[in-house]
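Here's a structure for you.
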Amino acid sequence: MTTQITSARPAAGPRKGSRRRPPASSATTVGRPGFAWALPAAVFFTLFAIVPLIMVAVLSFMSWDGLSSPEFVGTDNWSRLMDDPVMLNSIWLTLLLTVLGVVLQTPLSILLGVWAAGHQRNRAVLSVIYFIPLLLSATAVSVLWRALLDPNFGIPAEAAWLFGDGNLFGEQATAIGVLAFVSTWQFTPFHTLIYQGAARAVPQVLYQAAEIDGAGRYRQFFHITLPQLRNAMITSMILMIVGGLTTFETVLILTQGGPGTDTTISAYYMYDKAFKSFDYGTGSAIALVLVVAATVISLIVVRVSGYDKMRSSMEGVS
Amino acid sequence: MKIRARLPRLVAGGATLTLALTLSACGGGDGGASADDGKIHVLVYGDAANKVEKKLVDTFNKTSDVKVVLDTIPGADYQKKLQTIISTPQAPDVFFNWGGGSIKPFVKADLLMPLDDFIKKNPDLEDKFLPSVFNNAVVDGKPYGIPMRGTQPVLLFHNKKVLDKAGVTPPKTWDELLDAVGKLKDEGVTPIALGGGDIWPTQMWFQYLFDRVAGPGLFEKAVGGDKSAWESADSKKALSMIRELVDAGAFGKNYDSVKYTNGGSVQLVSSGKAGFELMGSWYYSQQLTDHEAFAEKDLGYTAFPTVEGGKGDPANVAGNTNNYYSVMKKTKHPEAVAEFLELMYSDDFVKAQLDIGNLPTTTNTDEFIETTGNAEYSRFQYDMVADAPSFQLSWDQAYPQKASSDMHKAIQQFFNGQLDTDGFIKAMQALPTE
């Protein structure tokens, strides 16, 4: 079985033309993957994604506190949500945090990733250390930073010239800053890893040619490395955007959406409504808004970036 | 010195992390109470007091054919998890709660068993408890809960050394408190430590001031559905006093970034960076755990100051009256449950609770107080609760659970100035009371 599948794979080789076509002989032994191959995945996806999604959609038209039986209330939840200033604000906050995440993490992880792509030993060791935040759960990271940023006994107390009275969690601007910083601290290593891999895949001949042409390190970076990282950049940004839209634990543990509702992003507001106020109807409506918004944004990104027809960026190299 | 003070915090932070990880791992395993396996599942709020509950369960299991299984849920998530499982087959037979508003929705959903029959068979189940405490779990005239831990009045704690240095005596009146705030500020310390990040510590200031200014009637009216209570003159006066205190710099500037639950405000007081902290009676054992030397030598406590011209009795108390065990209607072993509940007024129970610093509310508690390690503190609390004409249940526990999130937001926003008086009144009036 194993050998058959292996032989069905297109033979890797430098010969053009033979790249996409598997040898004709193996095509008869193993057919093309049929629908049955997708069945297990399809069943699980339906059971754990599609069905709950439909249930959430239905629940958004109901009033339910988790105890009594749900009742249909028409569009009540939706019309209340439309007039809810906290909801509108939460969408802006979600977008703001997502954008901040992309803007902060992308340059950092590109620089770190390209640097880490070098084969020097010290870089390998440091890369491993940089990788550690990613191994911690978001919850652990948040608890850690909440303690580190304690105004009286944490970092702010020692660096009053920078933090003033240290009321980081008591004002909107600083609270958002902390959230963005903590996500950056945690997820930059992951994106660094993506860029490291991509930077190592850049053919050395390009750099050798550039050197012959007299291009310095900066020109090499901007004219070879960056363009070659384009696909990695798109992948990493899509992951950042999806991650930003679904951020939850950091807010839950660092700010609880506060002060007041100043950091109540949509995902937290959904949790607040459903699991703190036991209003599952409104919670479901917010969840549905999130699903639709995330889908639309992802589609736009895929379209604009050309992710759907992604080509190799190594044009002219062979 | 500074480094020394910081190091334990780092260690504590690490320990908390490990603990959180372990706890979440446990949560998955022992939460499964199946429909009927010949056992009674008892669900309890997970914290340091669990050792008494474990001991009681062990005692009970020695003699009973129907065994009790103790399930715990880590503190902060208790109410949320309870509400998500209570109408499912995974629901426990008996569960921990705060009485009052915390069980009302369950009674309305017809999930709980009224304890009339138990009490008819064994009147001690009611008579052995202080009536003011027992009555807090009575809903629509029927008892639904048996007190199962200690009463937790809120007291004004202070650091004796800090107060001495500033020439301040523990304040008996509101004016003395304002005066003390000024003197402590001059000394360069935060007058009052507040874990505003948790919000419920902020709420305690509202509870006491509303009670002192207007008496318990105002809040009773409001929680009963008469929303005009929030815009009464007394309500506005209490709010203006809170404003005055905050604006006087009593809590410093960064209180919303401080938490009680991660030990931040606790250390503020023990390290002498703050003078006072308003907190439930569990504060004493918390300080004893975190900063033993300080708790034994320099931790002082008084009742909340009186307010001149206020309508509330100065002896009134706010806090958690007690925690209760309520019984699910679906339980298959009501007799065994009744037997288990009878342990809640046993001598062993009272002694064990007193030993860990809890103050049970049984009629026999009085006899044992003098035998405990910190008899003076227990005596102070016991007399305070026994003499109180009214015991104000925490606002977020008295209101239906679904109101608590919006209530907390309003409280935090008024306190830090994001909401003005009218905004706060409107927000409180918008809370559901049913």
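Using the three backbone atoms N, Cα and C, a Cβ is placed for every residue, glycine included.
Dumping what TrEMBL says about this protein:
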DOMAIN    A:91-301  domain 'ABC transmembrane type-1'
REGION    A:1-29  region 'Disordered'
TRANSMEM  A:35-62  transmembrane segment
TRANSMEM  A:91-116  transmembrane segment
TRANSMEM  A:128-148  transmembrane segment
TRANSMEM  A:168-187  transmembrane segment
TRANSMEM  A:232-254  transmembrane segment
TRANSMEM  A:280-302  transmembrane segment
Taking the transmembrane segment (A:91-116) as the reference, which of A:35-62, A:128-148, A:232-254 gives the largest number of Cβ pairs under 8 angstroms?
A:232-254
Same chain, outside the transmembrane segment (A:35-62) by at least 6, Cβ under 8 Å from its Cβ: which residues?
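Sequence-distant neighbours of the transmembrane segment (A:35-62): 70-75, 77-78, 280-282, 284-285, 287-288, 291.
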Can you name the far-off residues of the same chain, 6+ from the ends of the transmembrane segment (A:128-148), with a Cβ under 8 Å from a Cβ of it?
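Residues 112, 116, 154-155, 178, 182, 185-190, 192-193, 249-250, 252-254 contact the transmembrane segment (A:128-148) from elsewhere in the chain.
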